[in-house]
Amino acid sequence: MDKSIGVIDSGVGGLTVVHELMRQLPKEQLIYLGDTARCPYGPRSKEEVRQFTWEMVDFLLTKNIKMLVVACNTATAFTLKDLKEQLDIPVIGVIQPGARAAIKSTTNNQVGVIGTEGTISSGAYSQALEKIKSDIQVSGLACPPFVPMVERGVLSGPEAKAVVSEALRPFSNNKEMDTLILGCTHYPLLKSTIQEVMGEEVTVISSSEETARETSTLLDVHQIMNRSDLVPLHQFYTTGDLEIFIEIAKTIFQESHFQMLTIKQANISTNKVW
C-alpha cells in the first residue's frame, strides 16, 4: 500500500474534511489525529496552538505520511506558513480553499465568516478573501460555544438550535450578506441548524469539498497519487475520550466506510518545545 495522507485537527471537526477526502479520493489511505483532549484551540495563545500542532505533526511523521492536511482553521491561521517552510512534504490548510469557494459563491461581495476566537482575531480569512478580491466586504464573528457543543456530540435538536441562534444573533440584522463561511471544521456538523437560523437566502460554505479538491491537485502535481487498487484501511487517532469520538464518527461516516477504519487512542504529549 502507498504512503498515507496525514490529517490533523483540534478534535472531531476535521472528520468532515476526511469524509470529503474519502469521497473524492477513494484510493487514498488516510491517517487522522484529533487532539480532543486539548480541544478547543480557539481560545488558546498562538504559542500553545503552534506547540500542539507540531506535536500532532511529529506523531504523524512517525507514520511516514506523504502529505499533510491541516484540517483545523485555528492551526492553519497560526502555523501553516511554518509547516510549509519546515516540512519536505506537501502541506495544505483549510482557509484558502474556503475563501476561494466563498468568492465563487457570492453575488454581491458581502461575505460573513464564523469561527473560533483565534481564527477570527487572526484576520486570516479577511486576508485570504481580500487577496483574491480586493473589494470584498468581510464580517467576522467568533462563536466560542460551537466547538465544545460538537465535541459533546450535540449536533442537532433544541439545545443546538438555541446555542446557534444566540451565537449568530449579531448577524441577524445583516440583510446584505449572501455567503457565510464555516471557518471551523467542527461547524459543518451544525450546518443544517446554521442554515436554518441564517435563512435559505444565505449560502453556507464549508471548506471541506474545496480542500479535498485541492488535495487531489497537489497529489497530482507532486506525482504521489495512489494508483493501487487495494482497498485502503484508514487509521484514526484521538487524544481524548474514545467512545465519544467513535459515536461522532458514526454520525459522519456510512457503515461501509466505518468498516474501513481503525480507531485508537494516542498520547502525543512531549517535552520538546517547538
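Each Cβ is built from the backbone N, Cα and C atoms, and glycine gets one as well.
Per Swiss-Prot, the features are:
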ACT_SITE  C72  active site, proton donor/acceptor
ACT_SITE  C184  active site, proton donor/acceptor
BINDING   D9, S10, Y41, G42, N73, T74, T185, H186  substrate binding site
Closest of the binding-site residues to C184 (active site, proton donor/acceptor), Cα to Cα, picking from D9, S10, Y41, N73, T74? N73
Rounding to whole Å, the Cα atoms of S10 (substrate binding site) and C72 (active site, proton donor/acceptor) are apart by 6
For G42 (substrate binding site), just give me the three-state DSSP call. coil
Between D9 (substrate binding site) and C72 (active site, proton donor/acceptor), what is the CA-CA distance rounded to a whole number of Å? 5
Euclidean distance between Cα atoms of T185 (substrate binding site) and C72 (active site, proton donor/acceptor), Å: 6
Counting other CB atoms within 10 Å of each candidate's CB, the least crowded of the recorded positions S10, Y41, C72, T74, H186 is Y41
